[in-house]
Amino acid sequence: MVIKIGSGEIDDLSTLNVLDEESLLRELRARYKKGIIYTYIGDVLIAINPFKQLNIYEKQQHDLYKYVQYRNQLTPHLFWVADQAYRKLCLSKRPQCIAVSGESGAGKTESTKLIVSHIIHCSGDAGDRELQNRIIETSPLLEAFGNAQTCMNQNSSRFGKYLQLNFTDTGRIIGAKVYDYLLEKSRVVQHGPGERTFHFFYYLFAGLEKETLEYFYLDDPETYRILKDPCGGKVFPNRSDFKHCRQMFNTHKDIMQRVGFTNEDINMVFTILSAILHLTNIRFSHDDETDGVYIEDEYPLEVVCNLLVLDQEMLTMALISTFNMTKGERVISLKNFDQANDCRDALAKALYERLFSWIVKQINTLLQPNRRYNQTYDKIYRTCSILDMSGFENFQVNSFEQLCINVANEHLQYYFNEHIFLKEEQDYRTEGVSCEKVEFQSNEDLIELFMGTLGIFALLDEESRFPKANDESLVQKFHSHCKNHSRYIKPRGNETAFGIHHYAGKVVYDARGFLEKNRDNLSANLIECMGKSGIELISHLFTMTDGICHSSDIAMSSM
């Protein structure tokens, strides 16, 4: 039987007679028009986001794609990938990993949640149902603190996640662990037009009752710099958005309780978020007498100190000055306006980053392999993991965050090329199977451009060490060292721009803010101030160790 290319009837595109870009895209378009969002290319599943709810993830599909013997008996589906990973784990007793890759907005986060739910379904109902529910609920909980609205995606992951599921030899799930990467902490203090900071800040204002908002000294959301729309719009543009955020607040508060967070833990999360909102509202003015700065309105400073139980004078000095040790003596230097603003924002980002890491650590301890299995399975349990990395991004304005995300995706693409093409060809030659050499575009030279001894990141680190360096001098250094690289672009007429020909296309980066974001240093006296907080959990966040640590536990240990 001959199937015409572009008919939308080919489930596996690796069976096409002509494997070129035009043929692949034509078939994918034809399938998408028929409402078919999944297509195989060998063992790789291609998914096209339909941007609507589909009824293909119900119990019927879970049962249908469980222990699938022959893939071609069923239509392509995400559950097949999950089922294969689980079956191979059980049969080979070797770790398995599913890499979920794609551009921002492609549907990676939702796909990851569906994969986890199907793997848990495949592992059977005999396991710890409470534990299984906890594992499923960790994804939306982390989204609330690690996702945000961007110009491309209403629920964009602003961090990378590697979820490791732990199983016994018999395939019974006994625990899980989350690894987080590349949290976009700069979003705490700055976001572009049409974008937002992390979701939970908005959930807080919509979900807390008036009396509780007053307890945290919180006013209208428009009062806070980091929530304001750069275009002057309302924080909640309409009533439906407010109602959605209120519903999400209640949902995620319930999830935190079910996962195992105590009321003291949850209250501390609210406290730190509130402190960040007030901290970033501190404004500085130039002091003509000292040639340093002073704080214009001390109210937000007082609130931060009350919430985090800090010494107000000590925090003030840490924000407007720094010290260095010279010949055993402490020498104090006053900060200028830009340095004070950078210091304030660095503290806000550090607080949020440490809070996020603490939430992940709490989750990991609460999801660790059940203690009754520890003696037998602590070191020999099997793992099946899912990598959900922030997708390739090319916005209207691309900054340091997009550079880091896109380089991470370059590494993922390099890994993909190595395993799908080079190692497959090597296996064919080893087994004496004849095959035509597949031509593909290697991105090894791009990895070298970024990671080499004179690559972009090395040059960025070098320039960050010079106090008088600026973003223009950084870009000039890029131009000087990288101009002859075939993948590097030197745009005309823009002193802070440079471009890269990525595997996914050309991206022009705006280097304004690169040095400040890369330095992101907290002064020694600021760390010292936070370490002396009257709330031990706050000082713990700046010297965090592994293991669970409830607010009540710290209070008990300090009595």
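Positions of Cβ are set from backbone N, Cα and C atoms, glycine also.
Annotated features in TrEMBL:
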BINDING   G102, E103, S104, G105, A106, G107, K108, T109  ATP binding site
DOMAIN    8-559  domain 'Myosin motor'
Identify, in sequence order, the residues in the chain of K108 (ATP binding site) that are 6 or more apart from it along the sequence and have a CB within less than 8 Å of its CB; answer 'none' if there are none.
-> V100, S101, G102, S157, D388, M389, G391
Just how many other Cβ atoms lie inside 10 Å of the Cβ on E103 (ATP binding site)?
-> 18
Could you pull the average pLDDT for the domain 'Myosin motor' (8-559)?
-> 89
So which other residues, same chain and not among G102, E103, S104, G105, A106, G107, K108, T109, have a Cβ within 8 Å of the centroid of the Cβ atoms at the ATP site?
-> N49, N153, G391
Counting across all protein chains shown, how many other Cβ atoms sit within 10 Å of the Cβ of T109 (ATP binding site)?
-> 24
If you count the other Cβ atoms within 10 Å of each Cβ, which of the binding-site residues G105, A106, G107 comes out on top?
-> G107
Please report the number of other Cβ atoms within 10 Å of the Cβ of G102 (ATP binding site).
-> 18
